[in-house]
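To start, the structure itself, in structure tokens.
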Amino acid sequence: MLSRVARRAFSTSRINPYKVTVLGAGGGIGQPLSLLLKLNHKVTDLRLYDLKGAHGVAADLSHIPTNSVVKGFTPEEKDGLKQALDKTDVVLIPAGVPRKPGMTRDDLFSINASIVRDLAAAVAESAPEAAVLVISNPVNSTVPIVAEVLKSKGVYNPKKLFGVTTLDVIRASRFISQVENTDPTTEHVTVVGGHSGITIIPLLSQTKHKMLDKETRDALIHRIQFGGDEVVKAKNGAGSATLSMAQAGAKFANAVLAGLEGERDVIQPSFVDSPLYKSEGIDFFASKVLLGPQGVEKIFPVGEISSEEEELLAKCKETLKKNIEKGEKFVTQA
Ligand code: NAD
Ligand code: LMR
């Protein structure tokens, strides 16, 4: 029998039958993210799950004339979560609470860890082969939580688990273009490490803007690392980034789908189970990843970086190690 990838390659149809599920689809990120997925022609079956509101969002999106079916699910109906996940190819998880001013992402752990753990258990049961894209914060800890849950159920595939760090990447493009007065769509900055404050490392030395003066460069790095706080402050208690995050999530989901589809040279930074610093006890790290039919095809090292970036990396690793261990222990020592 032909594999799914082979069947696609032989297909004369322009429509690729991918099923995508959003867990937390009724929320601030979930709604615009679901809209962008509805507009993605790679997605033919869109499943939206939330504790509340998923039916409304699904009904609303279902009127958009793109070639996909949208269905909403809630815990009220029998096997709602199971149905949302059944035979899905890609699961995006933006379920959980967002920050308020004065909070760190780590402050969300006490609520979001158990939400993500329970959703991961459902993924293990109903969609063990799906690619899982984790958005819920703190990403540095929620991704290890998902990994440990999948391991405990015997279905962990490190090639199919991703922490979505794309928002840091798109912010870096935007912010550098503002400093350098350039077109943001032509700016490409590799961001490595993790997804919180000092664990976010934009590799400006690898861009065409190597000659920035130190003050400008330090301010730019700080803005990229703490861009999330700008939005949290501006929203003043009403949550964190949702619209830019939806764009980032949809962009990364599209890259994962392109990889699954067999498109070549699909490379995006992502927080994945990585060999790069495992010997130092760091099981996950964001760096550029080649995406393919099996998920992660190749993980790129950070490459040549400046001495200043080496210092940032050292600081990042200290915090990242603790964040990752916290997530892992939450599952293994429960
Ligand atoms: P929100 O409160 O607007 O939406 C969250 C949604 O999750 C709600 O609709 C809620 O009902 C739902 N939910 C909660 N528990 C659930 C469960 N067990 N099953 C299904 N749905 C559940 O929050 P938001 O602004 O959409 O943010 C969501 C998360 O994404 C937060 O943790 C936030 O910190 C994080 N976030 C991550 C990034 C990133 O770059 N990775 C960027 C922005 C926000
Ligand atoms: C972001 O980077 O905007 C998100 O992680 C949300 C937050 O809490 O800042």
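Any Cβ shown, glycine's included, is placed from N, Cα and C.
Please treat TrEMBL annotations as automatic predictions, because they have not gone through curation.
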According to TrEMBL, which candidate in N67, N137, N140, N157 joins R99, R105, R171 at the substrate site: N137
Given TrEMBL lists G24, A25, G26, G27, G28, I29, G30, N112, I135, S136, N137, M245 for NAD(+), the same-site residue among D50, D86, D89, D265: D50
With every protein chain in view, what's the tally of Cβ atoms within 10 Å of the Cβ of G24 (NAD(+) binding site), excluding that atom itself? 26
With every protein chain in view, how many other Cβ atoms are within 10 Å of the Cβ of M245 (NAD(+) binding site)? 23
With the fewest other Cβ atoms within 10 Å, the residue among the binding-site residues G26, G28, G30 is G28
Cβ under 6 Å from ligand 2: qualifying binding-site residues of G24, R105, N112: R105
Expected list for ligand 1 (Cβ under 6 angstroms, binding-site residues G24, G28, N112, R171) reads G24, G28, N112
Would you mind pulling the DSSP three-state label for R171 (substrate binding site)? helix
Rounded to the nearest Å, what's the C-alpha distance separating R171 (substrate binding site) and M245 (NAD(+) binding site)? Just drop the number here, would you? 10
